[in-house]
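This report refers to the structure that appears directly beneath it.
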Amino acid sequence: MPCTGLNCPKPTSLETNNEYSYEKLTQTAEYLKSLISFTPQIGIICGSGLGSLADSIQQKIEVPYPQIPNFPQSTVKGHSGCLVFGYIATVPLVCMKGRFHYYEGYPLEKCAMPVRVMKLLGIELLIVTNAAGGLNPNYKVGDVMLIKDHVNLMGFAGCNPLRGPNEERFGPRFPSMNGAYDPRLRAEAQKIAQGAGLAKGVHEGVYACLGGPCYETIAENRLLRQLGVDTVGMSTVHEVIVAKHCGLPVFAFSLVTNESVCDYESKVEPKHDEVIDAAKSMEAVLQKFVQGIIEFVAKNGVK
Ligand SMILES: O=P(O)(O)O[C@@H]1C[C@H](O)[C@@H](CO)O1
């Protein structure tokens with residue numbers, strides 16, 4: 001908040017130059033509200049190649065990112081770059097077909113700004129999905145891992161989407177990250193997964209985000225494994241931090257799209273096209289899974 005008292009210091013450039021101030025984000029949310037006649041209850045972020053999660057949305061209103069004031073643009077294959085509003089199982093929602101990554105050149109607060117916009121639109125639950133490398137030796141390509149916790153590796157180096165002046169209207173300066181991944185929905189998701197045909201391959205584990213765009217070295221994969229990381233990717237963590245900060249419950253999962261190799265003898269190399277193909281081959285099952293989660297929320301509420 002600007003201070004008007006006589007002895008108060010002048011606002012710093014950080015305060016005056018905030019590209020994603022509460023006011024700017026409100027402007028973005030107000031523009032989007034003017035296009036829809038309902039309040040979205042759930043926000044969904046589609047991971048690489050997972051944009052088809054929006055296919056089951058009814059009464060779609062699609063808004064391309066270039067049309068949205070203050071919104072970044074998608075630059076990555078597999079992230080088409082539009083917001084889709086509509087309904088799944090009678091639940092009004094908004095879906096991001098295309099997220100923003102640090103390696104695209106966006107600072108973390110910019111990558112995560114749509115989470116605050118969705119909060120201002122009125123969502124009460126955020127569903128986050130990602131394509132990820134499977135580090136846990138029990139994981140196979142095509143498995144789903146419900147995220148129970150994360151390792152904020154970029155945070156170890158001081159990169160955090162909440163860095164800078166805190167905006168109290170969103171949340172506190174020092175938020176706890178405990179319970180960021182809603183335990184009730186995770187427990188329920190185990191049952192829903194069976195109905196969706198995912199019975200064999202649903203795990204629960206820990207996700208870590210690196211800055212990318214390089215995939216991890218074998219030495220890095222070995223280190224991550226020792227740290228207790230089960231899947232590794234280049235997204236999600238900053239979105240979840242911002243969601244937890246503003247009090248949004250999160251349900252998140254990784255689709256294992258490739259094996260993260262820990263063996264110098266292995267000839268397996270990660271490739272983005274294969275990541276997208278692996279996601280594509282799971283689209284029908286994952287649509288059913290996400291629909292099951294939404295139906296549960298429709299029946300039982302978010303809390
Ligand atoms: O957006 P997500 O995290 O699902 O995408 C992963 C991370 C990189 O963007 C890309 C690498 O293949 O897939």
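Heads up, residue numbers simply count up from 1 along the chain you see.
Note that Cβ sites are derived from N, Cα and C of the backbone, with glycine treated the same way.
What TrEMBL lists as domain 'Nucleoside phosphorylase' is 42-290.
Around the Cβ of Ser48 (phosphate binding site), the number of neighbouring Cβ atoms within 10 Å comes to 26. Summarising the annotation, TrEMBL assigns phosphate binding site to Ser48, His79, Arg99, Phe100, His101, Ala131, Ser235.
Every protein chain considered, the tally of other Cβ atoms within 10 Å of the Cβ of Asn258 (purine D-ribonucleoside binding site) stands at 19. Marked as purine D-ribonucleoside binding site by TrEMBL: Glu216, Asn258.
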Among Arg99, His101 [binding-site residues], residue with fewest other Cβ within 10 Å: His101
Contacting binding-site residues for ligand 1, chosen from Ser48, Arg99, His101, Ala131, Ser235, Asn258 when the Cβ sits under 6 angstroms of any of its atoms: Ser48, Arg99, His101, Ala131, Ser235
Distance, Arg99 (phosphate binding site) to Asn258 (purine D-ribonucleoside binding site) (CA atoms, angstrom): 20
Whole-number Å value for how far Glu216 (purine D-ribonucleoside binding site) lies from Phe100 (phosphate binding site) (Cα to Cα): 19
C-beta crowding around Phe100 (phosphate binding site), within 10 angstroms: 29
Cα distance (Å, whole number) from Glu216 (purine D-ribonucleoside binding site) to Arg99 (phosphate binding site): 21
